[in-house]
Amino acid sequence: MEKGDGPALQPLLCLAWLAATLPILAAALPIPAAAGGRLLHSLLSAFSSRGKTVRPSSSSSSSSSKAKFTVPQKYFLHFYVVGVAVTTSLLLAICFYAYMKMTPLLPEPSSYSTIASHLIGSNSFSFGSVLSRTMEHKYRVWRTVFVLLLMEIQVLRRLYETENVFHYSPSARMHIVGYLTGLFYYTAAPLSLASSCLPEAIDFIRGQIVEFIVKGRARMPDLVIDSPSLLKPLLKLGWCQWIGAIVFIWGSLHQIRCHAILGSLRENKDSDEYVIPCGDWFSRVSCPHYLAELVIYLGMLIASGGSDISVWFLFIFVITNLSFAAVQTHRWYLQKFEDYPRSRYAIIPFVL
């Protein structure tokens, strides 16, 4: 696939993130009730509600009405199953493409002399420009592999936590719109991280499949995976990738702690009782697991180099979506507990 064909995926993803983000931003703005502001906020609050913020009322008629458009909160597991499936597929596809077409990342010293011997008397500036573009392209592909590895770690960990850390109450529900949004998110997020080179990777794999069909297995070269050749390009990436990885690990460690705190609050899995969580970032904000999620995706954004517009749109959606949900949760805590610490913010200390 030609390079010019690749960006077609990115505008579609950007439009999808924009369509998902704008209603949340609109609901957060002080739009007058006469202009539909209150209705929009109520709808978004209902769609995003889950767990403690969407519990059915004691009235049987009201309870059945609320439960009609909800699913069990334990269906969160589906998000991470989808996330693992999509991320793993993309990671394998782009890693295969990078290994087969983008290795080595840096030309061997002997390659320079060989190329130069064929270009004596030619325009050396043009040669340098072509070489620079080639190197930039290789870095972009291996950078995508690196970021997808971070995403793979994230979704695998969340899958484990959903099964082994969280104990969802039998009555905990979430709105069907929120459920569908989660499925969309864990499909579109890995696609956004891979969008800069996914079309060319798919085209390469398609060509390999066609060649296999035409030539047959006996006439195809054996695929030999050389571990050093696979790891070297990742180790030679730039400082942005390693700073992004450090930020990612920092956010992940705090999210692990916060999830462990939340998971330990309900010793009895069948109980609906809630207590005020304390420890780690809970001393500062009501939703530190959301704050940690922002840090995690900030790390991915830094590791991506910040050059892919679809990753920026993904990050903006993460900020708006989690901020809106955190404000709802913060209000619930304040209404539920008279002794709730008033010094806590919703998600970002001293800001929100």
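Any Cβ shown, glycine's included, is placed from N, Cα and C.
Taken from TrEMBL, the feature domain '3-oxo-5-alpha-steroid 4-dehydrogenase C-terminal' covers 240-352. Along the domain '3-oxo-5-alpha-steroid 4-dehydrogenase C-terminal' (240-352), the predicted structure has mean pLDDT 92.
Marked as transmembrane segment by TrEMBL: 12-35 (among others).
Here TrEMBL flags 75-99 (among others) as transmembrane segment. Residues 141-142, 144-145, 148-149, 151-152, 155-156, 158-159, 162-163, 166, 168, 174, 179, 182-183, 185-187, 189-191, 193-194, 197-198, 200-202, 204-205, 225, 229-230, 233 of the same chain lie 6+ residues outside the transmembrane segment (75-99) yet bring a C-beta within less than 8 angstroms of a C-beta in it.
Residues 77, 79-81, 83-84, 87-88, 90-91, 94-95, 97-98, 101-102, 105, 186, 189-190, 193-194, 196-197, 201, 233-234, 237, 241, 244-245, 248, 252, 256, 296, 299-300, 303-305 of the same chain, all 6+ positions outside the transmembrane segment (141-160), place their C-beta atoms under 8 angstroms from a C-beta of that stretch. Positions annotated as transmembrane segment by TrEMBL: 141-160 (among others).
Among residues of the same chain six or more beyond the transmembrane segment (176-198), those with a C-beta under 8 A of the stretch's C-beta atoms are 6, 9-10, 13, 16-17, 20, 47-50, 69-71, 75-76, 78-80, 82-83, 86-87, 90, 93-94, 97, 140-141, 144, 147-148, 151, 155, 300, 304, 307-308, 310-311, 313-314, 317. The transmembrane segment feature in TrEMBL is assigned to 176-198 (among others).
Under the heading transmembrane segment, TrEMBL lists 290-306 (among others).
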Practice task
Go through the chain and flag residues at least 6 beyond the ends of the transmembrane segment (290-306) whose CB is under 8 A from any CB in it; none is fine as an answer.
Solution key: 140, 143-144, 146-147, 150-151, 154, 193, 238, 240-241, 243-252, 254-255, 258, 281, 312, 314-315, 318-319, 322-323, 325-326, 347-348
Exercise for the section: Taking helix as H, G and I and strand as E and B in DSSP, count the residues of the domain '3-oxo-5-alpha-steroid 4-dehydrogenase C-terminal' (240-352) in helix, strand and coil. Expected result: 73 helix, 2 strand, 38 coil
